[in-house]
Amino acid sequence: MTILDVADLRASLGGQEVLKGVSLRVGAGEFVGLIGPNGAGKSTLLRAVLGLTRSTGTVTIDGRAARELNARARARKISYLPQEREIAWPVSVERLVALGRAPHLPPFSRRSASDDAAVREAMARMEVGEFADREATKLSGGEKARVLIARALAQGAPLMLADEPTAGLDPAHQITLMRIFAGLAQEGGSVVACLHDLGLAARWCTRLVLLDKGRIVADGAPDEVLTAQTLRSVYNIEAHLGSIDGRQMVYPLDLAEGVVRGVRE
Amino acid sequence: MSEQARFATVLVVLGIAVAVLFVLSLTTGPAQSGIAAGISALLSGDEGALSLVMREIRLPRAVLGLMIGATLGLSGAVLQGYLRNPLAEPGLLGISASASLGAVLTIYTGLSLTFPLALPLAALAGALCAVLVVRAMAGASGGTLTIILAGIAVSAFAGAMTSLALNLSPNPFAALEIVFWMLGSLTDRSMTHLWLAAPFMLVGWAMLALVARPLDLLTLGEDAAASLGVNLRQVQFLAVTGTAASVGAATAVAGAIGFIGLIVPHVLRPLVGALPSRLLPASALGGAAVLLAADIAVRVLAPGRDLKLGVLTALVGAPFFLWLVWRTRRQML
């Protein structure tokens, strides 16, 4: 079953074409790592799917054209975790996580018991229940990140788009997060996450999509995408590639030959 | 106490404060009367002197005080929530300055002498111009930074035009009248002023109330709010137009009264768990209480001297704000 179908998506930012015809299908149960160098168009792709950036091409969400969905209906299908971890006011963690239920609330009504259950479950999953009553602005960077992820989980949408969710987390919480996303996929949900850590991406994602200069240059299982050849041509790096427990392992070692010479000159 | 119960307590306490101050405002003034005598004179239909004073002078003054205070508190809370900036206040959008300019022009041209209602009407027109310019500048994308910058530009221009009117004022009396009007006051406002301003304020309140839940979601930033189903353009329209209608009408009848829209939301925010949607009703009640108190104070502190309301709110508000900044700085260290 396809939850997201993107065909020939093009978008420009400040006169520069950032997406040059991207086509992508994401099925239920997939944990897709969106990788690529800085400026490849990863964030723009997520934003274009959500309608936050103007684009041409077609986006189909759960069988319906995105243009026909109103904002609330779309919010029930896709949750989004922006790169900026903004929390403007010192609201309690529990309140902040509960904001994720907004697309499910009829106007002028309160949270129902099922909303409360979803909030509790999301907080338990991200292990933020212990500071439910603390002010969200006073948390550490990593704690804030977990609270905001819990907010996105509470939304209960079948597809989650996350923009660099692991940035600023310690290794244990990076792994916890990847496990949670992998768990969501196993339960039949779908996650598309922009990732810079190739090691994490290779180990946990069911599929990697490599973007370069606004185009998809590789798409498939981690060991098909992360080859010495693509790492050299797209990332300009040499990496140690291996396999542990039947999963791809990547460790970036140095800049690629030609680039090193360029740096020295 | 649970968060919910604390919020209810805050609203009840503020509501009682507003009710008490409203009655005190009704019974304060040069025509001395006891509280009971004043209220019974207001409610009786007779044509006695006290009844006339109560009905034609005190009642519109107290009701306007309540409504204008609520307007300033509510719009301040909405703008701080919308712009996600604790320094935002109703004057930021250039609405107060433009409304003042409209009023000043009628005094300058002498139109307000021949047709008294020209003053509030011109002030409303000024507010309308400000909102049109600010919204046109912000454009389709509707970024909050553009709104702030456009508001500052409109404020500065309206201020310059007001200075020009003072500069070229035909006689010292007109200049004095302009200055006094700009200081802000509720003295000698009639029922006509109330009937003129009330509809705009009520419509403005309704628009501002509609943004309560979207403002909560904006706590997460514009992108996250949009992904949660918030229509950012609609929120911008409601916040800016609602502020223009209510603050424009408030300025039209009372002049520019500063600091209430800035300080009241600031003080109440921690008491309501910082949630913007809860801050709106609390801040409206808080604004009404503070303005009623200030309007009582100007009558009690300097009877017969016509101390201006705007002077008092700035005199008390500015040092208080300084203290708030000092306290916040200490918290951040």
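Residue numbering: from 1, along the chain as shown.
Using N, Cα and C of the backbone, Cβ positions are placed for all residues, glycine too.
Annotation source TrEMBL lists transmembrane segment at B:62-79 (among others). Among residues of the same chain six or more beyond the transmembrane segment (B:62-79), those with a C-beta under 8 A of the stretch's C-beta atoms are 18, 22, 25-26, 88-90, 92-93, 186, 189, 193-194, 197-198, 201, 204-205, 208, 211, 215, 239, 242-243, 246-247, 249-250, 253-254, 257, 260-262, 264-265, 268, 276, 279-280, 282-292, 295.
As annotated by TrEMBL, transmembrane segment applies to B:91-111 (among others). Here the transmembrane segment (B:91-111) has Cβ contacts under 8 Å with residues 79, 83, 118-120, 122-127, 129-131, 133-134, 147-148, 150-155, 157-159, 161-162, 165-166, 168-170, 174, 177-178, 181-182, 240, 243-244, 247-248, 251-252, 255-256, 258, 261 of the same chain, all six or more residues outside its ends.
Below 8 angstroms of C-beta separation, residues 93-95, 97-103, 105-107, 111, 146-147, 149-151, 153-154, 158, 181, 192-193, 196-197, 200, 236-237, 240-241, 243-245, 247-249, 251-253 of the same chain, each at least six residues beyond the ends of the transmembrane segment (B:117-138), sit close to that stretch. Positions annotated as transmembrane segment by TrEMBL: B:117-138 (among others).
Look at TrEMBL and you will find B:145-166 (among others) tagged as transmembrane segment. Proximity of distant same-chain residues to the transmembrane segment (B:145-166), defined by a Cβ-Cβ separation under 8 Å and at least 6 residues beyond the stretch ends, is recorded for 83, 85, 88, 91-94, 96-98, 100-101, 104-105, 108, 126, 130, 133-134, 137-139, 175, 178-179, 182, 236, 240.
According to TrEMBL, the feature transmembrane segment maps to B:194-215 (among others).
Residues or ranges marked as transmembrane segment in TrEMBL: B:235-268 (among others). Tertiary proximity for the transmembrane segment (B:235-268) is limited to same-chain residues at least six positions away from its ends with a CB under 8 Å from its CB atoms, namely 10, 64, 67-69, 71-80, 82, 86-91, 93, 95-97, 99-100, 102-103, 119-121, 123-124, 126-128, 130-131, 134-135, 138, 142, 147, 181-186, 189, 193-194, 196-201, 203-208, 210-211, 214-215, 218, 279, 282-283, 286-287, 290-291, 294, 309-310, 313-314, 316-318, 320-321, 324.
Distant neighbours of the transmembrane segment (B:280-301): 7, 10-11, 14-15, 17-18, 21-22, 24-25, 28-29, 61-62, 65-74, 76-78, 81, 185-186, 205, 208-209, 212, 215, 257, 260-261, 263-265, 267-268, 271-272, 307-309, 312-313, 316; these residues of the same chain sit at least 6 beyond its ends, with a Cβ under 8 Å from one of its Cβ atoms. Annotation source TrEMBL lists transmembrane segment at B:280-301 (among others).
Residues or ranges marked as transmembrane segment by TrEMBL: B:307-326 (among others). Panel annotation: around the transmembrane segment (B:307-326), residues 180, 182-186, 254-260, 262-263, 266-267, 290-291, 294-295, 297-298, 301 of the same chain, lying at least six beyond its termini, place a Cβ under 8 Å from a Cβ of the stretch.
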